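**Student:** Per TrEMBL, transmembrane segment is recorded for 20-40, 52-74, 86-105, 131-152, 164-185, 245-264, 271-288, 417-437, 449-467, 473-491.
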Amino acid sequence: MSDAEQRDYRRDFRAMRAQLSSLAMVTGIYAVLFLLYYGTCAQRGCNMFISVGLNFALQSVLIGAVGLTVYRMIRRYPASIWTPMVMFPIGSALFFGFGSMSTFLGSDQTLSFLMANNYAITAPEQLRTNILTFTGITVALASMNVVLRMRFGRPKTQGPRTKFSLGTTAIGFLVIGAILKYLLILPNDFGVTNFTIPGTLKSLSPLIDLGFAIVAYLSVKSGKNWSVLFWLAWPPHLLLTVLEFSKMTVMFALLLPAAGAFLAHQNWRRLMLWVLVSAIAFVSLQEVNTAGRLTIKRGTGTIGEAGFANRFDILGRALTGEITVADTATATVAAAQVWWLRLNYAGAQLKAMELYDRGQKGEWTLSVVEVVVPRIFWPSKPVANAQGREFNRLVSGNEEAMTQVGVSVYGDGYWQMGWFGLFLFSAIMGGILGFVARFTYVMAAERRLIFLPVIFLGMRMALLGPSGVIQKAFIGALPILLAYMLLIILIEQVLKDAGKRNTPGYARQRNHGYST
C-alpha cells in the first residue's frame, strides 16, 4: 500500500469514525438520561404510560439516528455498505429498535400472546433492557472507533497486485456456490442426505448470492451480456431460495446483488428501490413461510426435513391459499405477529438480568477452544447453540425444552458478569468489528471482489452477531473469517507467482541467480 493510499484510507476512516462517534454520543446520552429516570422511579414503581412513551421515543431515536448515519456514510463512501460500519448500526436498529417496538405497538393478539409467554415484559421492565442495550451499543461503537483509529503500518515494497478477472470470479462463485448449496448443503438440510457438513462449509452457502452480486456489478459496468446472464439465472435461484422458507436467505438473495450493483452505479435511489422491493417481499412472505414451515413440522416433526418436490408442492399450496397459518398453527399463534416478535430480544434480556440479580449467574458453556476448533477435527464437539437451549430451560423450568432462545451479546454479558460483563462483551464485540471493518472496507473500495466471501462473513457478523452470544457469533466466527482471508491471499500469491514465471526473461534471471 502506497503512502498516498494510506493517506486516503486514513481520511476515509476519520470521516466514518466521526459518523459512528455521533451515533455513539446519541445512544450514550439517551442511555444516561433514561438511567436517571429509571433510577428515580424503580423503587416506587414507574408510570406505565410514561414508560411506554419513553420506550417509543428511545427506540425511535435509535432508528432515526441509525438511518441518518447510514445514509451519510453510504452516500459519501459507497464501499462502506459492505462493512460492519454500516451493518452493525442497521442490525442495532432492526433488532433493538424496530423489533423491541412489538412489545407495545403489536396488535392486541400479539400483546396477549406475548404476555402469556415465559418472556413477557412490561413497559417499565423494557425501559431497563433499553438502558442495557443502548449502553452496550455505545461501548461497542466506542471500541470500534478505537480500532479504526489505529494507523496503518509502513508501506511494504512489493510487486504489482494480482489482477483478477471479475468475470472469472463471478462465474467461479456462481458455479462453486451452486454446487455447494444445491448439491451439498440444501439436500443435507432438507433431510435428503444424512452426512455431517462442517459449519465452516455451511457458512459459504451464500457464495452463489455473492456471485450474483458481482454479476450485478458487471451488469452496470460492462453492459448487456452480464445483464442477460443475471436475469436468466437469478430468478430461478430466487425461486429455489424461497423453498427454504427462510426470510433471511431470501433477503440475502435480494439485497446482496443490490449492494453489488450499488458499488457500480452509486445511485441512492436505485438502491432504495431494491430495498423497497425487498421490504415488500419480506412482508409478503410472512404467511407463506410460516405456513410452509409449520406444514413440514406437522408432517415430519421438524421444520427442515422435506425434499425439493415436497417443498414445491407446499409452496404452491401456500401461494394459492390452500394452506394457511390458521390451518397449521393454534389460533393464538396464527393471530399473533410472530414474525415481529422474532426480532424482539427484550424479554430474553430481562430474564438474563433477573437471573444474574438473583444470583443465578450464567456460565461459559462454550470454551474458546470449543468454538475455534472445527468439527472436522473434533467430531464430538459440543453443539454451539446449546447455550440458548439451556437458557430457555432455566427460564421456563422445563428441562425437556428444545427451543433455543437468543439472549443477545448485551444480555449474555450481564448474565455472566453483571454490568462489568456488559462493558466487557460489548468492547470485545466492537473491537472485533472494528478490526474486520478495516480490511473489508479496503477490499470493497479497491473492488477486490474475490474477497467477497470474507467481506460477507464480516457483514453477517455485524448484522446478526449482536443478537447471538459472543462465543459463537464473534470469538468462534473470527477464525473462520481469517482462515478464508488467508486462503484467498494464498491463491492470489500463487497466481501472482505463476504470472511471474510466464513473464519473458524470468527463466534467464533465475539462471543468473537474480531474484524477481
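Numbering starts at 1 and runs along the chain as it is shown here.
Cβ coordinates come from backbone N, Cα and C, glycine included.
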**Student:** Cβ under 8 Å, sequence separation of at least 6 from the ends of the transmembrane segment (164-185): give me the contacting residues as numbers and ranges.
**Tutor:** 197, 201-202, 204-212, 214-215, 217-218, 222, 226, 233, 240, 447-450, 452, 492, 495
**Student:** If we call contact 3 or more Cβ pairs under 8 Å (sequence gap 6 or more), are the transmembrane segment (417-437) and the transmembrane segment (473-491) touching?
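**Tutor:** Between the transmembrane segment (473-491) and the transmembrane segment (417-437), which are separate recorded stretches, there is contact, as judged by 3 or more close Cβ pairs.
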**Student:** Taking a Cβ cut-off under 8 Å, which residues six or more beyond the ends of the transmembrane segment (20-40) line up next to it in the same chain?
**Tutor:** 46, 54, 58, 61-62, 65-66, 69, 85, 89, 124, 127-128, 130-131, 134-135, 137-138, 141-142, 144-145, 148
**Student:** Six or more residues beyond either end and a Cβ under 8 Å away: which residues meet both conditions relative to the transmembrane segment (86-105)?
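**Tutor:** For the transmembrane segment (86-105), the sequence-distant neighbours (Cβ-Cβ under 8 Å, at least 6 residues beyond its ends) are 20, 23, 52, 55-56, 59-60, 62-63, 66-67, 69-70, 73-74, 80, 111, 114, 121, 123, 126, 129-130, 133, 137, 140-141, 144, 337, 340-347, 408, 433, 458-460, 462-467.
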